[in-house]
Amino acid sequence: MRIVFDLGGSVVMPKEGAKAEKIMEYANIFKKIKDEGHEVAIVVGGGKTAREYIEIGRELGASESFCDELGIMATRMNAMILITALGDYSIKKVPTSFEEAELILNLGKIPVMGGTHPGHTTDAVAASLAEFINADLLVIGTNVDGVYDKDPNKYEDAKKFDKMSAKELVDLAISSSLKAGSSSVVDLLAAKIIERAKLKVAVVKGTPEELLNVSKGIINGTIIEG
């Protein structure tokens, strides 16, 4: 399979900060998935690093567009750290376009992207990359174990979806953007790209174990299809 993994920055770079052993744990899982015969591409979010730089930028009077650029640079730093851990399985350059990522993939290596354009989340980048390279599966690794109707970290009665359509995902993202206190695992732009491209998506808890499970066809999360 050709698989795009979308890793939230908070998954790879948690609040307590980056740890080399944790990064290597993820790298080893991706190496294993590739060794099993899959083609692997990765998009990494900015996490704590991006949030801190964006906050400082705003305090210093930077425009939102400039803060977006700070966030993009942070995602690329995270991508470069993962590339370093991947060693010969990747190329020591963060691709900044889908064409470049596909070229690396076609060379038998693992491309690791960060952000690309101001205003676009790395979720949207991952969905666009999956569409561009005609991926068989987009895996979204988050800090929760699937898509819920509201934030399960805040609401005990949050309902998890085992399966849903892309249109249902879009509707949920719209609803979440309008309701105070609500949040969607997948943002609206990414959801619309998923719907447009008719992508098959698995939303799972972004642990190394669950990412490996997905490559084996075991999805302990939400499947989005159709």
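In case you wondered, yes, glycine gets a Cβ from its N, Cα and C as well.
Residues or ranges marked as ATP binding site by Swiss-Prot: Gly9, Ser10, Gly47, Arg51, Thr142, Asn143, Tyr148, Asp151. Around Asn143 (ATP binding site), taking its Cβ as the centre, 14 other Cβ atoms fall within 10 Å, counting all chains.
As annotated by Swiss-Prot, UMP binding site applies to Gly46, Asp68, Thr116, His117, Pro118, Gly119, His120, Thr121, Thr122, with the evidence given as sequence analysis. Residue environment of His120 (UMP binding site) contains 18 other Cβ atoms, counted within 10 Å of its Cβ in all protein chains.
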Open item on the list: Can you give me the residues near the recorded UMP site, meaning same chain, not Gly46, Asp68, Thr116, His117, Pro118, Gly119, His120, Thr121, Thr122 themselves, Cβ no more than 8 Å from the center of the site's Cβ atoms?
Closed with: Gly71, Ile72, Thr75, Gly115, Ala124, Val125
Task: Among Ser10, Thr116, Thr122, Thr142 [binding-site residues], residue with fewest other Cβ within 10 Å - done: Ser10
Open item on the list: Given the binding-site residues Gly9, Ser10, Thr142, Asp151, find the one whose Cα is closest in space to the Cα of Gly46 (UMP binding site).
Closed with: Gly9
Task: Closest of Thr116, Pro118, His120, Thr122 to Tyr148 (ATP binding site), Cα positions, binding-site residues only - done: Thr122
